[in-house]
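Below is one structure, written out as structure tokens; the observations come after it.
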Amino acid sequence: MKTWSDRYTAVLGAAMAVLLLAPAGAAALANVPGQVEPSRAGAGIALVALAYAGYLALARVFGPVATSAADAAWLVLSPLPRRRVLRRTVMVLGAVSLVAGLVVALGLLSATGVQGQLALRLLVAVVLGTSVTVGGMAVAVLAQASSAWDGWLLAAIVVAVVLAVLAAIHGAATPSPAVTAAAASASAVAAAALARRAWAALERVPAHRILEASTRTGNVATAAVVMDPGALTWIIEDAHWRRQELRSRPLPRRLRGAPALAWAEWRRLVRRPPRLAVLTASSALPAVAAHAGGRLTPVAVVAVAVGALAAAAACTAGARRDVHDPSLPRLAAAGGRPLLVARSVLPALAGGAWLGSALAGLSMVGALGAGPWWLFGPAAAPALAAGALRMARRRPIDHSMPVIPTPVGALPTGPIIWALTGADLASLGCAPLLTALTGHPAALGPLLIVQGLFGTAVAAAFLLTTRPRPH
Amino acid sequence: MRRASEAVIEAVDVRLDLGGGPVLAGVDLRVDRGDIVAVLGENGSGKSTLLRCLAGLQPGVSGEIRVFQRPPVDAAWFWRDVACVADEPAWYPGLTVREHLEMMPAVHGEARMRVDAALDAFGLTKRADMAPLAMSTGQRQRLSMAMAMIRPSRLLLLDEPERGLDPAFRERLAAAVTGYTAEGGTVVMATHDLPLVEATGARPVTLEAA
């Protein structure tokens with residue numbers, strides 16, 4: 001039963017959120033361009049479409065109909081009307097959809113420009129944005145209740161990605177107000193119909209699916225509360241492989257010692273083709289972001305740095321497991337430096353290839369100067385591998401570390417050090433590349449050589465000085 | 001042929017305090033090559049802790065412990081001779097049961113038995129293509145045991161090997177343990193399972209709660 005105090009807290013919280021976010025929203029609106037070239041508009045729409053695909057994918061992964069563990073265990077399985085039990089969940093999903101819709105609207109406006117009609121285009125963008133996000137969430141709810149709708153949801157994700165690719169390649173002309181208004185109206189009608197259907201379907205969502213979604217969401221919440229994202233990674237990883245049908249493949253005959261243990265990482269990578277495809281396709285994101293911004297924007301540079309390290313880190317599951325539970329490396333008697341070296345090969349290849357591909361894309365859209373920028377990929381690969389392995393071997397967040405008061409607020413050093421571990425070494429090792437990206441060098445040759453030597457030196461120092469754990 | 005005088009483990013006056021209280025209070029243990037020793041005792045008597053001490057995994061231990069004439073350490077060279085099965089390991093994601101087993105001979109360069117034979121001996125043939133996490137607790141315990149048994153080693157440290165296993169399988173486990181010692185290996189296991197102790201002919205060593 002909600003008390004007046006609960007209601008007061010909720011209203012105050014919402015008011016504070018609006019007060020805090022309103023200036024940021026106003027600033028973003030003030031920066032919306034008037035006119036945008038078709039090619040830049042295409043890149044911007046591509047980013048919005050990709051973000052929307054991610055929104056749908058997240059809704060599918062997390063349920064989206066989930067509730068607290070206690071409600072899932074007791075109320076969902078009781079004869080109580082399902083919609084009443086899930087009323088709070090529905091409100092949360094609605095709020096999430098609306099906020100996501102506003103973000104989509106802002107993204108669309110930034111991509112296409114307002115062309116001197118701010119009020120009209122803003123209204124249309126908000127209607128369109130919230131319609132597609134509410135409609136998407138409704139389809140996700142329906143997908144939880146029926147496998148046929150799950151197919152439609154998957155199709156919607158694929159369509160959004162294809163749309164993003166087409167928009168990035170071919171560009172997009174800013175449509176007339178009449179067309180966008182018609183599209184917004186049609187979307188609103190469709191979203192209302194889907195939302196109504198989803199509301200009716202809530203009674204039919206199988207209890208076990210709500211229980212599974214609640215467990216997943218509960219794990220995520222726990223990981224967020226205790227601030228242990230590492231635990232979250234394992235939950236997702238283990239849940240994925242638990243439901244996979246696998247087929248054993250023999251190890252390459254010549255593999256012996258630590259490389260035999262590291263080989264598992266290659267196999268794992270190949271066994272997740274969609275993940276590999278997303279990883280490969282994401283290397284085009286920096287080029288799309290630069291194209292949307294009309295130059296090598298800070299967002300594009302950050303996308304290059306984060307993406308390259310993420311690609312390398314995606315190939316370090318075995319190293320993370322070795323550190324968090326050394327039982328298997330002990331049983332294999334293959335630990336220490338040889339194993340670390342063997343485990344560094346795949347992250348180096350993945351990170352280097354991703355970086356090379358991203359830089360080639362940036363060159364193609366004219367965001368970089370002349371020269372073989374893609375060669376920075378292989379040159380920076382050792383440093384990326386060292387950073388990814390350092391990230392994989394970091395300990396959980398130390399919450400006992402001091403909180404430092406600063407002029408911008410209190411800084412908890414534990415989470416900050418945790419977040420920077422790995423990124424620090426990769427940044428250090430890739431310093432020549434970062435210099436080149438931000439400094440517009442006259443010639444790439446010397447910087448490439450320095451990057452190769454410096455990156456290798458940083459990686460060698462990491463491998464030689466890291467105290468081998470667990471042995 | 002067993003050489004009775006060849007000590008594999010020599011532990012003298014092993015003491016350990018944890019959380020302000022004694023866990024091990026002057027434990028002496030000698031295990032010779034080919035021995036099967038069952039460490040018995042009630043919950044909290046320090047059985048698992050003693051195994052951790054013998055594996056070199058427990059800090060703060062006083063007294064003297066020598067395994068193969070050297071102090072035990074958590075190092076690769078130590079684990080080449082010693083296989084330890086304690087709590088369920090974190091399985092490598094994305095690998096099947098068979099692939100986990102294949103890894104052991106590949107890393108060590110030799111094997112005590114073929115992978116198919118190990119799968120058969122531990123009742124895992126029908127589960128060979130499954131991810132370990134998709135199996136039951138008992139089946140995962142069988143896999144842990146199979147991974148320890150397929151690799152070459154001279155000393156096997158087992159912490160409650162009967163965990164999750166059905167009674168019928170314990171006879172096969174006993175046969176695997178005695179077969180291991182017949183080849184010259186040595187086994188120390190912490191257990192509550194007296195039928196397993198009897199079936200393996202293990203020498204019981206009972207710890208009292210300190």
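Heads up, the Cβ atoms here are built off N, Cα and C, so glycines get one too.
Heads up, TrEMBL stuff is auto-annotated, nobody curated it.
Per TrEMBL, the features are as follows:
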- A:1-26: signal peptide (SIGNAL)
- A:52-77: transmembrane segment (TRANSMEM)
- A:89-112: transmembrane segment (TRANSMEM)
- A:118-143: transmembrane segment (TRANSMEM)
- A:152-172: transmembrane segment (TRANSMEM)
- A:178-195: transmembrane segment (TRANSMEM)
- A:276-293: transmembrane segment (TRANSMEM)
- A:299-319: transmembrane segment (TRANSMEM)
- A:340-367: transmembrane segment (TRANSMEM)
- A:373-392: transmembrane segment (TRANSMEM)
- A:404-423: transmembrane segment (TRANSMEM)
- A:443-464: transmembrane segment (TRANSMEM)
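Listed by sequence, the residues of this chain that lie at least six past the ends of the transmembrane segment (A:299-319) yet keep a Cβ under 8 A from its Cβ atoms are 237, 261-262, 264-265, 268-269, 275, 279, 282-283, 285-287, 289-290, 293, 340, 343, 346-348, 350-351, 353-355, 358-359, 362, 367, 380, 384-385, 387-389, 391-393, 422-423, 426-427, 430, 434, 437-438. By number of Cβ pairs under 8 Å, the transmembrane segment (A:373-392) is matched best by A:340-367 from the list A:118-143, A:152-172, A:178-195, A:276-293, A:340-367. Away from its own ends, the transmembrane segment (A:118-143) comes close to residues 29, 32, 52, 55-56, 59-60, 63-65, 93-94, 96-98, 100-109, 112, 149-150, 152-153, 156, 177, 180-181, 183-185, 187-188, 190-191, 194-195, 197-198, 201-202, 205 of its chain (Cβ-Cβ under 8 Å, at least six residues beyond either end).
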